[in-house]
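> Below are the features I grabbed from TrEMBL:
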BINDING   Glu18, Glu51, His54, Glu95, Gln128  Fe cation binding site
DOMAIN    1-146  domain 'Ferritin-like diiron'
Amino acid sequence: MKLSANLQDSFNDQINAELASAYLYLSMAAYFEDENLPGFAHWMRMQNEEETAHAMRFFDHVHDRGGRATLQAIDAPPSDFRNPLDVMERTLAHERKVTALINRMYQISIEESDYAAQVMLHELIIEQVEEEKVAEEIVVHLRIIDGDGSGLLILDGRLGARMAAGATPAAGAN
């Protein structure tokens, strides 16, 4: 079944949104590197990789369905942040925005009875629940820490231990 023009346009917009997200998270990683918080930087680099992979899922889906992916300009992301809490609050707000975009595409796929698009989007909706949950947990932890350096370093270490989706710990690792 060929992808409708409406869904193709929405998917192309989403490719742009996912790549803009990747760019945003890379900018946030640079901020954390500059702040000497390598765990936070690592976490943001992982976010960058996930968003790039999401863009490619949309890209591939468009082409697999006989459409054409068209790339759009990506605006420069912000590069100045007040503190880690500011970054993570922006991350949470951004993830909520992405969720709304995916939900909108899912609604279009329902209206058009495009079951293949629904399956692909359903997987991303489930991922977004986890993305928002994790970002919100980090925001809550940063509020609890309230600028305490020890707490920030403990959280930094925890975020640095994040593994790529599907990765497994090395043998003997705890």
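Cβ from N, Cα, C; glycine included.
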> Around the Fe cation site formed by Glu18, Glu51, His54, Glu95, Gln128, which additional residues qualify by having Cβ within 8 Å of the site's Cβ center?
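Here the nearby residues are Ala17, Ser21, Glu50, Val98, Ile102, Leu124, Glu127, Glu131.
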> Over the domain 'Ferritin-like diiron' (1-146), what is the model's average pLDDT?
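Mean per-residue confidence for the domain 'Ferritin-like diiron' (1-146): 97 out of 100.
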> Give the number of CB atoms, excluding that of Gln128 (Fe cation binding site) itself, located within 10 Å of its CB.
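Taking all protein chains shown, Gln128 (Fe cation binding site) has 19 Cβ neighbours within 10 Å.
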> Suppose we draw a 10 Å sphere around the Cβ of His54 (Fe cation binding site). How many other Cβ atoms does it contain, all chains included?
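Summing over all protein chains shown, His54 (Fe cation binding site) has 22 other Cβ atoms within 10 Å.
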> Least buried of the binding-site residues Glu18, Glu51, Glu95, going by other Cβ atoms within 10 Å?
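Looking at the binding-site residues Glu18, Glu51, Glu95, the Cβ with the fewest others within 10 Å is that of Glu95.
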